[in-house]
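**Student:** The structure's right below; bear with me while I get my questions together.
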């Protein structure tokens, strides 16, 4: 049963605050996640038990925040530093050693001090030998009374210095110093590593290329080893968004790391000198949080998903939440959080809070719901704050939010606005008068971009009926870069206008044109528009051009709900339409801004007959059409269910 909650204005007026500055913002990141209670509990449980998680949902719904909050609930295990040591037996297979957090730096420092001491001792020895040679030369020159011996002694000392100073064995004092791959302090929290979009080397580790590979100039293999994100996330959380975009080889490597809890580091490029280097297995005991949109499952490695499912949880996050008292308070908390995080914008007063909540209602696209696409809603909060700052005010008001909505229109909306102006100038659609076979349909752009906001546009549809080239070989020809679903919608609608008109269309070619759809058409929300245009063309009944319409259509003529209905109604208003026909089931989903209210008559339709009554201009032909429709309905056969017949089995009597 739906809760009858009061209007947003009344609800906000009862809040015991002046601005969002009076709202308490939780310190714990987990408590800042809005509207994901069920997903939050699962993630918390997964963290406590060190389970892996797949989070699936729309962008901006809090998946990364949920993943990041897991580090606060991970069991307090001892973090470890990871060191890589040279391997005297096989230089291309460096050794790996783990020590408690904070000890790695001490060990490296001890080796560095030892190397520096050995270097100083060796330098003293070299200088002693050089001075000895020079001194012997001077003594010999004095004894033999030959100044040339001093010159030869100096030359010998110089050659000796160069030979000893540039000797690879002597020069590589630091070759035995280990490299610290992963470092922590004893007070660090478990690491959270975001590896979204990382290439193979950054994700799995890599061995840098060595341009000097011989002659004593090469860099020791262990010094060229670089830890990957899977190793940096050891004892912590590894987060990968858009998991399906990872290469299959990388997904397979992550699967191996999950199974073994360790993974060796090797060169990722076959052309690199590091390609021949492979370390001992490096610890990588992490909790994997994989996230993605709804299409992520299709391209995810089956074995990796099976591993996560077998040792963890799969969670679908919410796109919207119920519009009730508790969730409205969460939205107010969200506004306060965004202001605190940004640190550059002022707080919001009550009037601004009202506008943000109304926008959340509108973007949900459903009645009695609030959107959870909060990243984009946060963008509106920041733009409104920027406007207030530019006007040198220390409070954000409703006027700032309204101005922000106009200023921060998505690209699709800006393009659509320009497109509508061009279409008006060149009259590709009309807003008055009547035309046979021409309908003002409505569509949305941006539905496939992943954005929360839909942008509505007027989609003129024209139908024309011509005799078929060959008898009995009539075709339905639809043009306008139609997608698969749109093509199927045209075929489905053909059943409706065959039934409504009652005419044999096998001798007709029905041409349907989607005007100006250079970017293509996809979806079935133009079904009622197609049916109306074709019926108008077949029956020669004009269509009222001040009417716009949207809705899907079943083969039986029922008008079905569609998406983005608010954006479509707004497009009809901006185009100057007087009426708009929408599916009856979508009627309560329409949420208009104050600037759009009472500017258009919204007519709900349950069947195609409801659409035709409004869209077709009154005429004798229209009366005949509806008389025909009435006779079809009256003559429809009603099939009564038959009583079930009792069945008998051999050897049984049924009473």
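Quick reminder: no glycine exception, Cβ is built from N, Cα and C everywhere.
Reproduced below are the annotations present in Swiss-Prot:
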ACT_SITE  525  active site
ACT_SITE  568  active site
BINDING   57, 58, 59, 60, 61, 62, 63, 64  ATP binding site
DOMAIN    433-618  domain 'Lon proteolytic'
TOPO_DOM  1-123  topological domain 'Cytoplasmic'
TOPO_DOM  167-655  topological domain 'Cytoplasmic'
TRANSMEM  124-144  transmembrane segment
TRANSMEM  146-166  transmembrane segment
**Student:** In the topological domain 'Cytoplasmic' (1-123), how many residues does DSSP assign to helix, to strand and to coil?
**Tutor:** 56 helix, 18 strand, 49 coil
**Student:** To the nearest Å, how far is the Cα of residue 568 (active site) from the Cα of residue 525 (active site)?
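**Tutor:** Taking the Cα atoms only, residue 568 (active site) lies 11 Å from residue 525 (active site).
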**Student:** Among the recorded positions listed here, 61, 525, whose Cβ has the fewest other Cβ atoms inside 10 Å?
**Tutor:** 61
**Student:** Here are the recorded positions: 64, 568. Which has the lowest count of other Cβ atoms within 10 Å?
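**Tutor:** The recorded positions 64, 568 were compared, and 64 has the fewest Cβ atoms within 10 Å.
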**Student:** Could you list the residues of the same chain, at least six apart in sequence, whose Cβ is under 8 A from the Cβ of residue 63 (ATP binding site)?
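**Tutor:** Listed in sequence order: 55, 57, 241, 291, 317.
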**Student:** Between residue 61 (ATP binding site) and residue 525 (active site), what is the CA-CA distance rounded to a whole number of Å?
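**Tutor:** Here the two Cα atoms are 26 Å apart.
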**Student:** List the residues in the vicinity of the ATP site, defined as same-chain residues other than 57, 58, 59, 60, 61, 62, 63, 64 with C-beta within 8 angstroms of the site's C-beta centre.
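**Tutor:** Checked against the 8 Å cutoff, the neighbours are 55, 291, 317, 372, 373, 375.
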**Student:** Quick one: pull the CA-CA distance for residue 58 (ATP binding site) versus residue 525 (active site), whole Å only.
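**Tutor:** Given the Cα positions, residue 58 (ATP binding site) is 22 Å from residue 525 (active site).
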**Student:** I'm trying to understand the geometry here, so how far is the Cα atom of residue 59 (ATP binding site) from the Cα atom of residue 525 (active site), in Å to the nearest whole number?
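**Tutor:** So the alpha carbons of residue 59 (ATP binding site) and residue 525 (active site) sit roughly 24 Å from each other.
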**Student:** For the binding-site residues 57, 59, which one has its C-beta crowded by the most other C-beta atoms within 10 angstroms?
**Tutor:** 57
**Student:** If one measures from the C-alpha of residue 62 (ATP binding site) to the C-alpha of residue 525 (active site), what distance in angstrom results, rounded to a whole number?
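**Tutor:** For residue 62 (ATP binding site) versus residue 525 (active site), the Cα atoms are 30 Å apart.
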